[in-house]
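Accompanying notes for the structure given below.
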Amino acid sequence: MNKNKPFIVVIVGPTASGKTELSIELAKRINGEIISGDSMQVYKHMNIGTAKVTPEEMDGIPHHLIGILNPDDTFSAYEFKRLAEDLITDITNRGKVPIIAGGTGLYIQSLIYNYELEDETVTPAQLSVVKQKLSALEHLDNQQLHEYLAQFDEASAKNIHPNNRQRVLRAIEYYFKTKKLLSNRKKVQQFTENYDTLLIGIEMSRKTLYSRINKRVDIMLDHGLFREVQQLVEQGYESCQSMQAIGYKELIPVINGQMIYEDAVNDLKQHSRQYAKRQMTWFKNKMSVHWLDKENMSLQMMLDEITTQIK
């Protein structure tokens, strides 16, 4: 361990790999507190679809950056990095170990490496104007929205598929906030780490992972995911960027009478599997991870391996 830098444990892996359980049990062992590294769990009222940890599952372990924003608020890697850095300082100063657990690769990467991310913070009045401008675009379909983006940021439009409404909206929002083009934004990575980091990943065969994902979607639906999405739509959040998350965007057409339920569920499972594949590609290609094979290691074996690495 490098005594000159704060020590943190980071647990990554694809959706449904078991990060929540491992992080909680590890926190019990090493006197830790957990910081969520998930871009969607920051939102209130989006509990089932984001697989948000329940109070019962927390089992007394403090969790941070969960349910802190409304669904119509925006959140970025910059804001995550700023909040997480403050939390790491606070947790460390109290003699505990920060454990960051999540699957949003850019968030994790921006935290542990020296990424220079642009501050998109705006005043409440400015944010209100941005939201009004975005609301004025709600009536546009995906192709029309994509064409709107291309009018002022052709480079971003070329790199974003028209059907990826969330990314298109993100590029438009960035322009509204900063008066700059997202395609021109520079993200600088220094080759030094901010922390003494133990980076742990959970992996398993694709067959096993996909089976776990399909099963988890069924459990989410049994626990009321459809009703959760209905309530968010009824509260006026349908057009928010947060509602483009997997688990929400697939069910909105059912609520609006544009798709049958069974087809939406199949889409939800497929999108979740595709997302998991992208997550694994990101972590394997962009980060140096110590991988633990969930199929051949029990929870206790994984915990023993991690604590051995710490010592």
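Using the three backbone atoms N, Cα and C, a Cβ is placed for every residue, glycine included.
Not measured: the values here are computed from a predicted model.
Swiss-Prot lists Gly13, Pro14, Thr15, Ala16, Ser17, Gly18, Lys19, Thr20 with the feature ATP binding site, giving sequence analysis as the kind of evidence. Look at Swiss-Prot and you will find Thr15, Ala16, Ser17, Gly18, Lys19, Thr20 tagged as substrate binding site, backed by sequence analysis. The region 'Interaction with substrate tRNA' annotation in Swiss-Prot covers 38-41, 166-170. Annotation comment: Swiss-Prot describes Thr104 as site 'Interaction with substrate tRNA', evidence class sequence analysis.
Sequence features, as recorded in Swiss-Prot, placed on the structure.
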residue: Gly13; record: ATP binding site; DSSP (3 states): coil
residue: Gly18; record: ATP binding site; DSSP (3 states): coil
residue: Thr104; record: site 'Interaction with substrate tRNA'; DSSP (3 states): coil
* Structure fact -> Near substrate: residues not in Thr15, Ala16, Ser17, Gly18, Lys19, Thr20 with Cβ within 8 Å of the site Cβ centroid are Gly13, Pro14, Glu21, Ala51, Gly103, Ile202, Arg212
* Asked: When you average the Cβ positions of Gly13, Pro14, Thr15, Ala16, Ser17, Gly18, Lys19, Thr20 for the ATP site, which other residues in that chain have a Cβ within 8 Å of that mean position?
  -> Gly103, Ile202
* To do: For the region 'Interaction with substrate tRNA' (38-41), find every same-chain residue at least 6 residues outside the stretch whose CB is under 8 Å from a CB in it, and list them.
  => 49-53, 65-67, 75, 80, 102-104, 107, 242, 245
* List the helix, strand and coil residue totals of the region 'Interaction with substrate tRNA' (166-170) as derived from DSSP. => 5 helix, 0 strand, 0 coil
* Asked: Fewest other CB within 10 angstroms, which one of the binding-site residues Gly13, Pro14, Gly18?
  -> Gly18
* Counting only residues 6+ apart in the same chain, whose Cβ is under 8 Å from the Cβ of Lys19 (ATP binding site)? -> Ile11, Val12, Gly13, Ala101, Gly102, Gly103, Ile202
* **Thr104 (site 'Interaction with substrate tRNA') and Gly18 (ATP binding site), Cα-Cα, nearest whole angstrom** => 15
* Per-state residue totals over the region 'Interaction with substrate tRNA' (38-41) - DSSP helix, strand, coil -> 0 helix, 0 strand, 4 coil
* Structure fact -> Counting across all protein chains, other CB atoms within 10 angstroms of the CB of Thr20 (ATP binding site) number 21
* Measuring Cα to Cα, tell me the gap between Ser17 (ATP binding site) and Thr104 (site 'Interaction with substrate tRNA') in whole angstrom. => 13
* To do: Consider the binding-site residues Thr15, Ala16, Thr20 and say which one has the Cα lying nearest the Cα of Thr104 (site 'Interaction with substrate tRNA').
  => Thr15
* Other CB atoms, at most 10 A from the CB of Thr104 (site 'Interaction with substrate tRNA') -> 19
* Structure fact -> Mean pLDDT across the region 'Interaction with substrate tRNA' (166-170) comes out at 86
